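Step one of this worksheet: look at the structure below.
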Amino acid sequence: MEATLSRIRPSRLQRLARSATCAACASCTSTSSSSTRRFSALNRPEPNYPGHVPLTRVERLGMAVGASVMSFFDPYHLIAATGEATATPYFIYRLRDAMLADPTGRRILRQRPRITSESLSLPKLRALSANTVGRAYVGWLDREGVSPDTRADVRYIDDPECAYVMQRYRECHDFYHAVTGLPIWREGEVALKAFEFANTLIPMTGLSMFAAATLKPQERRRFFSVYLPWAVRNGARSKELINVFWEEQLERDVDDLRRELGIERPPDLREIRKREREEKKRLKEIQTQGM
């Protein structure tokens, strides 16, 4: 595992170090300005953008710990709060810097598009050719019964630009599902979070991997032997997915996009589970006949 993680591109780690330095400088600046106006739960500054909730350091720490513990037992709840509380002050700056270093990433930051069912026009995506990115995306949404409109708005990240970066990551998550083919079952979600951690270094995605402890024994063995190695290998070597302008890739062949990004599709988890169910059914029939 350590040997595999060591292959993460040095440039990412260098940007992380620079981001940490920038965040530390920003922290020093905010500390000096706080001498004129103390920030407390009873004396909050004005929000920096609509929906923003400024937090004290104690509040942020409490939310990070509490939400992380609860999301360990149920990764579908409080993940958003955990992601925001643990991404600052360093990791979200690293991701923002990765976008600033990329031409497409800079364009996304300038335009700040949102991914919703209205902006993507899901009926039009359903009319696309079978192997296009858009068709794969909407097909995954329909199959899993989810919608792009369910992503919570970012509230607890102070910097407006970094808040958008987190929002963008959050709204692109379903495209990662569609490109990899991983379902929203807990086993598939944990595998995708491992992939995202290797690609983005967002702490919440790494913490989510601890949910593997709650998987059934057979699922847990499969995660560590099949999906974790796939996730680390592909997440570390692929291009930074935060810089993909998904709205411009909808009519592209999904296999071509995977090759361009450097992502190999993992073993089909649905097919694996289907074969397991069929095998259990066959063994049960044999046992019944033997009686």
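For all residues, glycine too, the Cβ spot is worked out from N, Cα and C.
Straight from TrEMBL, the features:
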BINDING   H173, D174, H177, E189  Zn(2+) binding site
These are the binding-site residues: D174, E189. Which one scores highest on other Cβ atoms within 10 Å?
D174
Only counting partners 6 or more residues apart, tell me which same-chain residues put their Cβ under 8 Å from the Cβ of H177 (Zn(2+) binding site).
W140, E144, P183, I184, G188, L192
Within the same chain, and leaving aside H173, D174, H177, E189, name every residue whose CB is within 8 angstroms of the centroid of the CB atoms belonging to the recorded Zn(2+) site, in sequence order.
F175, Y176, L182, I184, L192
Could you list the residues of the same chain, at least six apart in sequence, whose Cβ is under 8 A from the Cβ of H173 (Zn(2+) binding site)?
R151, L192, E196
